[in-house]
Amino acid sequence: MFFDADLLTSALRALTPILLAALGGALCERAGVFNIGLEGMMLLGCFTSVATCWFTGSPWLGVLAAALASAAYSLILAVGAVTLRGDAVVLGIAMNLLAVGLTSFLLRTVFGVQGTFDDPALAGLPLVGAFTPLAWLAWAAVAVAALLLSRHVWGLRLRGVGEAPEAAATLGVNPAAYRYGAVLLSGVLCGLAGAQLALGNVTLFSQNMTAGRGWIAVVAVMLGRALPVGVLLAALLFGLAEAAGFRLQGLGLPQQATDAAPYVVTLGALFLTTARRRRTRSAPGVVS
Amino acid sequence: MNERVRGALRSPLTFSVLAGVVVGALFLVGTGADPVAAYTAVLTGSLGPDGIGATLTTATSVLGMALALAVPLRAGLINLGGDGQLVLGGITAAVTGLYVPLPGPLAVALALLAGMAAGAGYAVLAALCETRLGVPLLVSSLLLSYPAVSLASYLARYPLKEPGSSLPQTRALPDGVALASFGGSTVTVGLVLVVLAAAAYWFTDRRTALGYEIRMTGLNSRFSAYAGVERRGLTLKLMSVSGAVAGLVGAVGVLSFPYRFVDGSLTGPGYTWTGLTAALLAAAAPLGTVVASFFFAVLQVGGLAMERTTEVPRELTQVLQAVVIVFLAARLRLPRRRSGRRKEVV
């Protein structure tokens, strides 16, 4: 059997980091900040979690440190794009580059290794059932984000800030505060995503280990039209592609083909949804 | 000091570069290194007699990729698929060089053209995704890049692999199928080609109607559309040029030492991202892009020298590059003095 429970389990494992990061991206999108720095925030989370876990021996402190570090890192985007009104796209690209440089630099200076830091003493996250607690948290976060955005006053105001900042300001809602909140939350979520990737999916840090997952998360935000459940479905698609790729590799397909599979599948899904959306609605989608 | 010089000193650009240097110095102090010694090592290692060849070789690739990304950036389009276009250009040039039975110079010319065509074709594919299917160029170009890199990697590891070698590389190109190099250095005619491309870009930008249309689109795309600039056509045109230049860089890389396609050798040094950084730093202006590319090539090569002499990891230069762009993107600038000085000038 090609499609079986194992495949689904590994798909759900693969999707967790994407889902966490994409939820952060969706919040930013709703608040009107285009966040393409997810990749960099995630990568920083990977490194911080591994470094903290190695020095303290506790994966939980690693998770906490990753969330804090990525939130602090996301301040670059908040200050640059919200307060100084800089270009969010350029800032995001720069943050991704900075994270690659910074983590490689720290890998060399802190651990004295190049490429990969892998130590048997490094403790990974424990499993609750078949998944790490962060994976369960990610699914809970989908529900929380969905309720927050559709029911809670904070979420409604956040959407208001994203859709009509002047109108929101007239009603006494401070757009900048909500945007800062969204960006910082995306930082926390990306930090968790990085911790899941480095201490959950594997137990190591390697240079540029996010390998485009942050970009896939950006695409998942577009695919899911910045809706939490939509983002979940988009991330699931990617998880399935990655898991199916591994399975096919076991069946003799070259690694290069399976490496490319998630990106091709994502692109294909993007074609299908945008084509359908354009046929059914002439108005532009949520994502500009 | 006249107003122009003062304006340049106060510009966000100067501030960003200075901020990058200062942040780098803080990192150096943090690791216990002497910033002055480290920066000196960067400069002497990259511009000294031992390093200048390597700097010019690196500058060839960085400037090439910077141009490839600057051309669409001038119109406000960001092509993030440089890596894919670069390797497709490289592998196509390698296949052409290996299998086309032509005398050396003709094979080289054909390999360059084939590399450019491959890069251009792939970039146009990304552009079509935006103009026909509504997938933003930023995302389509980036996502398309991964399968291209995987394909080239597959070709170099399996069908085209050099028999008997343990390295993931194609066979070496036949004798004579190589770009001429200057003296005994690794600097090839490729540098001349890339500089010619920069000159062509400068001419187009400054002296032609197309260049004006591109700049207008970059400044205000709605206004330029109103004024009659056909956006879809312009996107396809700019992306094909962008991909062709990226493909050229790949072809030049293959037709220079080590005269073959080695998996990872084109994407490993990160020319695409360094090039993008340089293009962003210069806001895609032709002369600025050349200067910024050379600056980053100096950093990249000098970083290696710094690592050798001061044991500071060369990745620091990558941090520096990104910090410069972070500051620039946030449009920070030195605070203008509120004293009466400006009034004197006015």
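Cβ coordinates are placed from backbone N, Cα and C, and glycine is handled just like the others.
No curator has checked TrEMBL annotations; they are predicted automatically.
Per TrEMBL, transmembrane segment is recorded for B:12-32, B:52-73, B:85-102, B:108-128, B:135-156, B:176-203, B:238-259, B:279-304.
The transmembrane segment (B:85-102) makes no contact with the transmembrane segment (B:12-32): fewer than 3 of their CB pairs lie within 8 A, with pairs spaced 6 or more apart in sequence. Sequence-distant contacts of the transmembrane segment (B:108-128) (same chain, six or more residues past either end, CB-CB distance under 8 Å): 79, 81, 84-86, 88-97, 100, 102, 137, 140-141, 144, 148, 177-179, 193, 235-236, 238-248, 250-252, 254-255. Between the transmembrane segment (B:279-304) and the listed ranges B:135-156, B:176-203, B:238-259, the one holding the most Cβ pairs under 8 Å is B:176-203. Long-range contacts of the transmembrane segment (B:176-203) within the same chain, counting only residues at least 6 positions beyond its ends with a Cβ under 8 Å from a Cβ of the stretch, are 53-54, 56-57, 59-60, 63-64, 67, 70-71, 97, 103-105, 107-108, 111-112, 211, 245, 248-249, 252-253, 255-257, 259, 286-287, 289-290.
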